[in-house]
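Trainee: Here you go, one structure.
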Amino acid sequence: MPTPGPVPDLGPASGPLPALGPVPVPGPGPDPASGPRVGSVGLVGGLVRACHPVPAAGVTLFAGALAAAAGRGAAGTALTAAAVAAGQLSVGWSNDRADLRRDRATGRRDKPLAAGALPAVAVTRAAVGALLLCVPLSLAAGPLAGTAHLVGVGAAWAYNLRLKATAASWAPYALAFGLLPAFVTLALPGRPWPPLWLTGAAALLGAGAHFANVLPDIADDLATGVRGLPQRLGARRSAAVAAGLVLASTACLLLGPPGRSGPYARGLLALTCVLLCAAARAGGRMPFLATMGVAGADVLLLLVLGAGLG
């Protein structure tokens, strides 16, 4: 049996080993607390989508139109719209920031902050910046008018941060909407307070909007521990409450102004009641759609009647 020979000497290496140099250390990644890094265009687009643009634009346009109808003039109308826009932006951004954990838990991919497309710190700064801008814009209409608007904005922030999950969840909506006509009229010559029927109609409309707005999200809210009054009542009863509040707002607008509560107004109120009841019997999305339709008609009535405030 042959024995293996000696291991041959392969000789020295063909060349020196290459210098590897220092091991690169990766730079710090994005801070999880601040969110992803996005470009300026993506940041602006994300902030626009995170501010709840449709309701923000709707409330701003309504406030501007009410100011114009009441006789605030071009400058006063623009100032009113700017103050309300700043307040609405702050409310929309603070809402998404406060709901971040809940929105992620329920997979809200339609919200850029919850979807990870927007840094949380950017939304926080935007909300605070808009709120700070809202203060001088509101007070420029006068101390009383400005205070009325800032109280309403403060109520909306209180809803976002705490009251949303309590049985008093409706109160910030009623207060904020109810004070909006005061923001307009208290800036007029003589600083008149709006008539009670107008304040009541706006407050009832705001509370009704809260119940209607929550309806599509009740299941997700309950899953994440949000137990406002609509969530406690359930979808069916909340839909009925929303319709009742909007109908009460309509009654204030049709029967409240002196000299306008004739047969025409009473007939229109009865027709509105019949339509809401028919929608409730139809079920599905009809109660929600009917309630929102009547709410839209109430907004138009508010604007028409606002022409007599100046």
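Cβ atoms here come from the backbone N, Cα and C positions, even for glycine.
TrEMBL feature annotations, pasted as is:
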type	residues	note
COMPBIAS	19-33	compositional bias 'Pro residues'
REGION	1-37	region 'Disordered'
TRANSMEM	112-133	transmembrane segment
TRANSMEM	139-158	transmembrane segment
TRANSMEM	170-190	transmembrane segment
TRANSMEM	196-218	transmembrane segment
TRANSMEM	239-257	transmembrane segment
TRANSMEM	263-281	transmembrane segment
TRANSMEM	288-309	transmembrane segment
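Looking at the shown structure, can you explain where the listed features end up?
Mentor: If you look at the transmembrane segment (139-158), the same-chain residues 6 or more away from its ends with a CB under 8 A from one of its CBs are 76, 79-80, 83-84, 87, 90-91, 94, 131, 171-172, 175-180, 182-187, 191.
Residues 59, 62-63, 66-67, 70-72, 76, 80, 83-84, 138, 141-142, 144-146, 148-149, 151-153, 155-156, 158-159, 163, 198-200, 202-207, 209-211, 228-230, 302, 306, 309-310 of the same chain, all 6+ positions outside the transmembrane segment (170-190), place their C-beta atoms under 8 angstroms from a C-beta of that stretch.
Within the same chain, residues 169-170, 173-182, 228-231, 234-235, 238-239, 241-246, 248-250, 252-253, 255-257, 288, 291-292, 295, 298-299, 302, 305-306, 309 sit at least 6 positions outside the transmembrane segment (196-218) and bring their C-beta atoms closer than 8 Å to a C-beta of that stretch.
Within its own chain, the transmembrane segment (239-257) is flanked in space by residues 195-198, 200-202, 204-205, 207-209, 211-212, 215, 230, 233, 265-266, 268-269, 272-273, 276, 279-280, 287-288, 290-291, 294-295, 297-298, 301-302, 305, 308, which lie at least six positions past its ends and keep a Cβ under 8 Å from the stretch.
When Cβ-Cβ distances below 8 Å are used as the criterion, the transmembrane segment (288-309) is approached by residues 62, 65-66, 69-71, 181, 184-185, 188, 192, 194, 198, 201-202, 205, 208-209, 212, 215-216, 239, 242-243, 246-247, 249-250, 253-254, 257, 272, 275-276, 278-280 of the same chain, each at least six residues removed from its ends.
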Trainee: I need to check the long-range neighbours of the transmembrane segment (263-281): which residues 6 or more away from its ends have a CB within less than 8 Å of a CB in the stretch?
Mentor: 239-240, 243, 246-247, 250-251, 254-255, 287, 289-291, 294, 297
